[in-house]
Amino acid sequence: MHTPKHAIRRMSKGEMEFFEGRCQRMGEAKRTMWGTKWCGSGNEAINYTDLGYFSNLDSCCRTHDHCDSIPAGETKYGLTNEGKYTMMNCKCESAFEKCLRDVRGILEGKAAAAVRKTYFDLYGNGCFNVKCPSGARSARSEECTNGMATYTGETGYGAWAINKLNG
């Protein structure tokens, strides 16, 4: 197959860098839901206070992104995450679901419902609960210094299938 000469044009280094950057940003944008900077895989935010058009929904996702978790392949609280996705603390999952349900507005409410349905019903990776033995809390922060976690199991068909097929 031949490319017609009229379709080929030399670009300056600056033009090329502009288009490369644009393509890279588009790739990132496809990982988050439209109108948000935090809802999806990764985030597009410049800093912690940077929220998208759907700021209430985005705030839910941002809080969830900064919650207690165990990344795929890592161990924390004596529990190894053998799945393909990050495993979240069940308290974080409950707070995230409540936050999504509390989002109001015609468009933003529908967007929050879509995130909730996708994340909990389809993705549904399950979560972990941490039990802290008595006397194992830090006096300063009330944080559990020697907790043990248990996994709840997948709740969504998508996570179950991916973890089983790739496991």
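Glycine is treated like the rest: Cβ placed from N, Cα and C.
Take the Ca(2+) site that Swiss-Prot assigns to W38, G40, G42: the candidate from D65, D68 listed for it is D65.
Out of C39, C60, C61, C144, the record in Swiss-Prot bonds C99 through a disulfide to C60. Record source Swiss-Prot places C127 in a disulfide bond whose other cysteine, from C90, C92, C132, C144, is C90. Residue pair C92 (disulfide bond) / H64 (active site) shows a Cα separation of 6 Å.
Cα distances from W38 (Ca(2+) binding site) to the recorded positions N47, C61, H64, C90, C127 are smallest for C61. C60 (disulfide bond) sits 14 Å from G42 (Ca(2+) binding site), taking the C-alpha atoms as the reference points. Geometry remark: G40 (Ca(2+) binding site) versus C61 (disulfide bond), CA distance 8 Å.
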